[in-house]
């Protein structure tokens, strides 16, 4: 394929090729020329002389124009492009330029040599001389001359006709070429406009590309700096890779060593798995044995508690407080047990001089000695930990499903609240039975969790003041309101008792128990009495409902642990003058003594196996009904004062405790499902 030429180059080439034809237009016949006349017209012109002269003039003019045409035709060939450049050219419309260009492309017609003017009528020369004019009488000679001229003119006319025909053919070709060139010119003009538009678009694209190039150069600079950084990082990574390769080799060596050790370990694991299976079978067997032993432990533990008595009485003597008078020697004695001084004391002797039995001679009155025997006696020097150690096994019976109830009984100021709740200040050595018992239960429950047992604990704390039940854990607007709390059965046919509108708080740690005790201590009813500056005037009952479950064996057990701090027991003085405050204290004392008497009657009725037990005679015994019956274990602390001035109240408390200690309640039964 030929390469495509630019439209501008094609236009320039056509212009150069067609340029010589511009001057050939002089060959075209002039309008109105008389050369087109025929032979007949020429003959008519010969008659008059004027016509001959006119014909000769026309011939001369034609010869002159022909000679000029030949000269103009030969000019382009001699001068070439240089001569054409010297001629000023007018810039005309594109069509005229195309026509002129088309005329230039025509081949020049060879010029016919013309004779000089005046030779047409000249006679032939004879002997090199001009012939003389014929005489007027030589008509024949003149006719011959005219015929010769006519013949010559006819030949000349034919020649001119041929030239005219050629020029007309050239004119038609030139017109056709001009038309084609006009079409081509319009096409080129459209193409030129398109090329100009393309040029402008190319210029715009060039500017855009220039801006893009600048942007690319800027980005290239950034990329080069980034490449340098990456190359630097690559060097660092290569160095790190070499280090990692070294580490990899070391790790592979270690892996080989580990694989060797693994293969040996797998063999050991296989043997250990066999041992584990054997141990699992042995563990299952021992688990069964452990469960059997646990059941046997519970049975023996319960049997031991029964041998000690389902209702036991401990006596505790508080120490002398600062500011109190020291009792005389021999006032309180603690005889050693049957095994000697190493055995814990179980007897108490209280000496009293009877002033009414004094002699008239003034001799001192004889001393009366009162001896009492209990399951355990704690002298004034006994600590809280020693007291709890004695009842820890009884507290554990509650986890085994046996209802347990522990009382603190005694006159005002004998140390009942100290025994149950502990002393102020948060001293661990002074903690009472309630926080120690719950800590012990939480610890045992955690140990039992390894054997499949799970336990939950729910605590409540109420007081009974003037036969009205109050919630000691109440907060907000319910604080101090006792009318809303009533003792009801948990449901139809249920033996479990509950206190309506009282808070039952789940506990799982010691801090929660301490918070409950602190709140109850603030809400409890206290007052000043003749025996104590700050005396508790109500019975406080702390109950912990324990629920245990062994999911694997489908075993369940539940029992309440009741820790009761009874109100102070004092006898009424009939001769005491009563004011408004004393009357209120009198009503409190009457209510307290009435409930304590009912408690003694209930215990006696249970001991005597009576058909009717007066639980409902007191709110205290009604609330503790499930913790006092034949399936329960009871323990009573009788607290006495070491002061001689309180000997009457101490003897009353010791006598009441001795009666309780003589009671025997039936065999306790665990609450299991």
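All residue numbers here begin at 1 and follow the chain in the order shown.
Yeah, the Cβs are placed from backbone N, Cα and C, and that goes for glycine too.
Unlike curated records, TrEMBL annotations are generated automatically.
Values in this document were obtained by computation on a predicted structure and should not be read as measured data.
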If you look at how TrEMBL annotates this chain, which of 227-275, 276-324, 325-373, 374-422 comes out as region 'Disordered'?
325-373
Sort out the residues at least 6 away from either end of the compositional bias 'Pro residues' (325-344), same chain, that have Cβ-Cβ distances under 8 Å to it, and list them.
317, 350-351, 376-377, 379, 390, 642-645
DSSP helix, strand and coil counts for the compositional bias 'Pro residues' (325-344)?
0 helix, 4 strand, 16 coil
